[in-house]
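Below is one structure; the comments refer to it alone.
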Amino acid sequence: MEIAQALILGIVQGLTEWLPISSSGHLVLLQIILLSRSSAAFIALVHAGTLLAVIVAFRRDVFNVIKSFLEGISELPKGSAFSSPERKLPLYILIGTVPVAVLGLALAKYVDEIFGSSKIVGVGLLITAALLYSTKWAGGERPLDLRRALIVGLAQSIAIFPGISRSGATISTALLSGLKREEAIRYSFLLSIPALTGFLILELIVSPAHEILNPEGLVGLLSSFITGLIAIKFLLSIIRRGRLHLFSYYCVIVGIAILSLL
């Protein structure tokens, strides 16, 4: 892989991981167009960039979640460990992560078939479009609870399939469940951290060290980190203005084009 290709793939990963248009789908398409299949190490590094981006963007929330979890653990002997909403959030994140972990392990041996199909990408983008468009009528003032945490976690699990946007699926589902807009944003982004971390660890385990420590990988990591931060800031402004559904038009156009041409 050349530096220019690494830069392009890193930028695409950074933008599409957080914009609700499916990063996995666009990476699959780019690899088909560039006739170059990225190594597991490179994919891990660009995901590391987007993971760092969300941690930096939500650093206060990440700190508070860790703090609440540790405080909850320390309060276990007193019986009031996870009684407050802030103390419950770490548990909701763990519970919401279970579906994607289970489905990911179940589909591990089918990775090549799933990520080698442009048709799956096309169908996935149409599903994403439907979810995004439905947010025109979504919204509410309900708090996060166990049921909604699990429902959003299930939505995250289907984003394993290329073409289905993780952020699009989780934020749309959170809004459709009646969550407050800021609550939906916060939970969706915090929920992504364990999933991305798990994926990153699995990819690094099977990656030779020489494939990780190279200029192309560094370019991919830095470009995905920088563009990831930009994408998060842009997406937050779109959601807060109630315009998440606008991304559905792009997903429909690209999804139909893929199914028609590839």
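Along the chain as shown, residues are numbered 1 onward.
Glycine is no exception: its Cβ is also placed from the backbone N, Cα and C atoms.
Database features (Swiss-Prot):
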| type | residues | note |
| --- | --- | --- |
| TRANSMEM | 15-35 | transmembrane segment |
| TRANSMEM | 38-58 | transmembrane segment |
| TRANSMEM | 91-111 | transmembrane segment |
| TRANSMEM | 114-134 | transmembrane segment |
| TRANSMEM | 149-169 | transmembrane segment |
| TRANSMEM | 189-209 | transmembrane segment |
| TRANSMEM | 219-239 | transmembrane segment |
| TRANSMEM | 242-262 | transmembrane segment |
Contact call for the transmembrane segment (189-209) against the transmembrane segment (114-134), three or more Cβ pairs under 8 Å: no
For the transmembrane segment (91-111): best-contacting stretch of 38-58, 149-169, 219-239, 242-262, by Cβ pairs under 8 Å: 149-169
Stretch in 114-134, 219-239, 242-262 most in contact with the transmembrane segment (38-58), if contact is a CB pair under 8 A: 219-239
